[in-house]
Each structure stands twice: as structure tokens, then as C-alpha cells.
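Sharing the record's features from TrEMBL:
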type: ACT_SITE; residues: ASP34; note: active site, nucleophile
type: ACT_SITE; residues: ASP36; note: active site, proton donor
type: BINDING; residues: ASP34, ASP36, ASP270; note: Mg(2+) binding site
type: COMPBIAS; residues: 1-18; note: compositional bias 'Polar residues'
type: COMPBIAS; residues: 182-196; note: compositional bias 'Polar residues'
type: REGION; residues: 1-21; note: region 'Disordered'
type: REGION; residues: 182-201; note: region 'Disordered'
Amino acid sequence: MNNVSDGSSTHCSITMEPSTGARKNRPTNVYIWDMDETLILLKSLLDGTYMQAFGGSKDSRQGIEIGKRWEKQILQVCDDHFFYEQIEDYNEPFLLSLNEFDDGKDLSDYDFKDDGLTFPCDDSNKRKLAYRHRAIANKYSKGLHNVLDHNMIKQWDDLYKLTDIYTDGWLSSARALLDQTSGRNKTDASQPSSSENKYDNMDTKCKDINVLVTSGSLIPSLVKCMLFHLDDQIVYENVYSSWEVGKLQCFSWIRERFSGPLVRFCVIGDGMEECDAAERMCWPFVKMDFRPKAPHRFPGLTVRIIEHYMEVIYGPFNYADDEKEQ
């Protein structure tokens, strides 16, 4: 994995100039999301900053208790089902980073508890770690309903609903937007298009991609995706941990994977690191803020708002013309 170049410009503007033939296709949008205090709320519940932003109208003790319950559940699922006690010190930036060491061995009867995984992380241990990553990817693809028992699922569902109510629909609104950006929401074909709905009602012909880049370590981040019901919209291949490599490096890898003549990138997050990295990449950045009167938060953020930020960098795309040519 090559390091990102340090010679990137910090300010730039890009106008997409596709060929005449390419104009018949709408651009692919790659949405790069932060996790905490963007798609979910957790750290701000644990430290009380979310409640403080509401000036006393939120029960602080309840908010902190909700955060602690999530923290306990995340660690329990990590340890019980995702090998976290074994591989906590082996953080990788994404699950496929050790693919070259995976020989494809059948893992159905593999003894993960007694295969001798240890330091140093030589080729033999990297192969054992790659096996675990493959098993984790398989569990992620199948979903937690195939991993947890009935009682655990009920506790999880109840905690999710409680959190969504407490945060005024933050979690469900974030999921609904991810559904739109991944093309999962179908448009009613009988509904006329207008300037008011041309972005918010994009249909399933779109090829847009959701990517997660989080500063947390990889395995807990994957588990958080599953527990917060984000795994349907964000596949495991698109989850990156910037814990050790930094967000700029992750953004560079994402550009290498998806870059093309009709690809546009946009970063959505709450922190300075992703803001600075987006600027270095010449990508638009949407700043999230959980304060009640903040301009970009959930509920409130829409595809149309994100599109406006993208147009500043890439220029406008005429969706009406694209529909006529289909």
C-alpha cells in the first residue's frame, strides 16, 4: 500500500468534462461518511456534549446511560463473535488488506481458538489474521440476525429504538439518507419530476456508493455498522479505519478504487481531520453538527443539500436531460 503524496494542492476547483457519449450517463457519486457524530451518535452521549447542546431539555443521565449500554453491547459482540480479544492489537485499515496471505483454506472446521496467532506478525500470523478477516466478512454479509440469539436481538432492537427516540430520529434519518444515496429507495414512476424533487427522489438506476472512513479501529467499527443497521447500505469492503494511517491515506485509496471520468466524491463528517483531508483531495465537505440549530444534522440533511456542495466543485449535472436520454 503506497502512501499518499504530500504534494496535493489545498485549494482547487474541478469541472467534469465527459465525452459526448459519456454525457448519456449520470455521474457515480461516492459518498464518504464519518461514523461517530455523523451517521450515529455515541461519543457525544457518553461525554454528555450532545445533551449540553440542548440546554437542559435532554435528560443527561438517560443520554449517558444509553451511551454506556451501546458501549457494552459493542464490546460484547466484538469479543463474543468477531475475535476482538485475539486481534485487538492487529488493527488493519480495511478487511481485505491481508488478502494476499489468505490461501483460501476451508474454515468450516478451523480452530480459531488454538491456531497459535501471536506476535510478531510474520507471514504465518498474517495468514491466520486473514482467515479471521474472511470469517468476519462472512458474518458481516449475513447480518447479526444470523449471529445473535433471540434475547440479544431484542435487547439490541429495543436499544436502537430508544436511542432513535432520544435523539429525535437521528439514527433512522441517517439510514433513510443512506438508502437514497445507495439507490435503495425506488421512485414512484407516476410522480412528475420537478426542481424540488430531482435530487431527493433519484431512482434505483443510480450507481452511487457509500463508503465509511472512521477514526475508530476496524473490528468495532464493523460491529457498530451492524448494530446501528448500516450494513445494508455500506458493504464491508467499503469500511475503512484511519486509526493508524490517517484519513488522507484512506481517501487516497478510495480515489484509486473508484476514480473515473464520471465519478464524483463528497465527504460528510464532523471533524477537522476529514475536512482537511477532503480539501487536500479537492473534494467537497459537508460539516455535520448535532446542535439543534446547526445547518447540517439529522433529521435535516438531504441528497439535494449534498448535491449543492458537489456542484460547487464539479459543476452542475442536468438530471432532467439525463432522464430524457434514457
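In case you wondered, yes, glycine gets a Cβ from its N, Cα and C as well.
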Could you name the residues, excluding ASP34, ASP36, ASP270, of the same chain that surround the Mg(2+) site, i.e. Cβ within 8 Å of the Cβ centre of those residues, in sequence order?
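Neighbours found: MET35, GLU37, THR38, LEU39, THR214, GLY269, GLY271, GLU274, MET288.
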So what sits near ASP270 (Mg(2+) binding site) in its own chain, CB-to-CB under 8 Å and at least six residues off in sequence?
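The answer is ASP34, ASP36, GLU37, THR38, LYS287, MET288, ASP289, PHE290.
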Please report the number of other Cβ atoms within 10 Å of the Cβ of the residue listed as 'active site, proton donor'.
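Result for the residue listed as 'active site, proton donor': 20 other Cβ atoms within 10 Å.
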What count of other C-beta atoms do you get within 10 angstroms of the C-beta of ASP34 (active site, nucleophile), across all chains shown?
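For ASP34 (active site, nucleophile), the 10 Å Cβ neighbour count is 23.
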